[in-house]
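One structure below.
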Amino acid sequence: MWLEESQMKSKGTRHPQLIPCVFAVVSISFLSACFISTCLVTHHYFLRWTRGSVVKLSDYHTRVTCIREEPQPGATGGTWTCCPVSWRAFQSNCYFPLNDNQTWHESERNCSGMSSHLVTINTEAEQNFVTQLLDKRFSYFLGLADENVEGQWQWVDKTPFNPHTVFWEKGESNDFMEEDCVVLVHVHEKWVWNDFPCHFEVRRICKLPGITFNWKPSK
């Protein structure tokens with residue numbers, strides 16, 4: 001009986017000794033995968049790196065996902081961009097399409113409640129990125145309107161409007177039926193801008209600045 005108990009105790013002590021080794025191997029493998037490939041990192045707090053200090057950016061967003069963007073040709077490093085979970089990162093900004101319908105003003109209030117604004121689009125690359133997130137069957141409000149002065153378009157986040165970087169559908173904008181707001185709509189196999197009544201209800205896209213910090217590849 002004593003021999004059997006001793007053997008059982010001896011056998012029982014072998015496996016616990018392996019646990020730290022297994023854990024170490026798994027941890028090293030995971031960390032290696034993170035640094036070798038583009039790594040998604042989820043954090044519990046939405047933080048911004050500013051002049052060497054980490055400060056809390058927003059109480060609304062308590063978890064973020066960070067993605068490493070590859071360096072541009074000729075660059076010596078790249079950028080990590082962190083966005084709230086479920087938001088999509090692109091060139092230091094975060095984007096979030098919503099699938100319920102609201103008026104333009106309701107949409108902007110909804111985005112503001114998430115520490116963001118209705119989306120601004122300032123480049124063709126940004127237009128192409130945003131539209132790949134959308135459902136072609138629906139229209140989506142942009143953060144662009146000319147409610148104050150007809151024909152003087154303004155972005156809701158005060159970004160300067162560039163009349164040379166626009167994606168209007170042919171014949172737009174035409175202010176038909178007091179169309180003072182703008183939607184993204186898929187027409188003739190491409191996404192374009194249409195002026196649109198602000199009180200109509202459609203889907204929307206919110207945008208906020210991401211948390212960014214630079215990285216350099218190891219030599």
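Every residue number used here counts from 1 along the chain in the order it is shown.
Quick reminder: no glycine exception, Cβ is built from N, Cα and C everywhere.
Taken from Swiss-Prot, the feature Ca(2+) binding site covers Glu172, Asn194, Asp195. Residues or ranges marked as disulfide bond by Swiss-Prot: Cys83-Cys94, Cys111-Cys206, Cys181-Cys198. Per Swiss-Prot, the feature domain 'C-type lectin' maps to 90-207; the stated evidence is sequence analysis. The N-linked glycosylation site annotation in Swiss-Prot covers Asn101, Asn110. The topological domain 'Cytoplasmic' annotation in Swiss-Prot covers 1-20 and is backed by sequence analysis. Feature annotation from Swiss-Prot assigns topological domain 'Extracellular' to 44-219; the stated evidence is sequence analysis. The transmembrane segment annotation in Swiss-Prot covers 21-43.
Where Swiss-Prot records a feature, it is marked here on the structure.
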residue	record	Cβ contacts under 8 Å, 6 or more apart
Cys83	disulfide bond	Val64, Thr65, Cys66, Ile67, Ala89, Cys94, Leu208, Gly210, Ile211
Asn101	N-linked glycosylation site	Glu201, Val202, Arg203
Cys111	disulfide bond	His117, Leu118, Gly143, Arg204, Cys206, Lys207
Glu172	Ca(2+) binding site	Val192, Trp193, Asn194, Asp195
Cys181	disulfide bond	Trp104, Phe141, Leu142, Leu144, Ala145, Glu147, Asp195, Phe196, Pro197, Cys198
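The recorded positions under consideration are Cys94, Asn110, Asn194, Asp195, Cys198. Their Cβ neighbour counts within 10 Å are lowest for Asn110.
Just so you know, the Cβ of Cys206 (disulfide bond) picks up 25 other Cβ atoms within 10 Å once every protein chain is counted. In this model, the topological domain 'Extracellular' (44-219) carries an average pLDDT of 87. Counting residue by residue with DSSP, the domain 'C-type lectin' (90-207) contains 17 helix, 42 strand, 59 coil.
In three-state terms derived from DSSP, Cys83 (disulfide bond) belongs to an extended strand segment.
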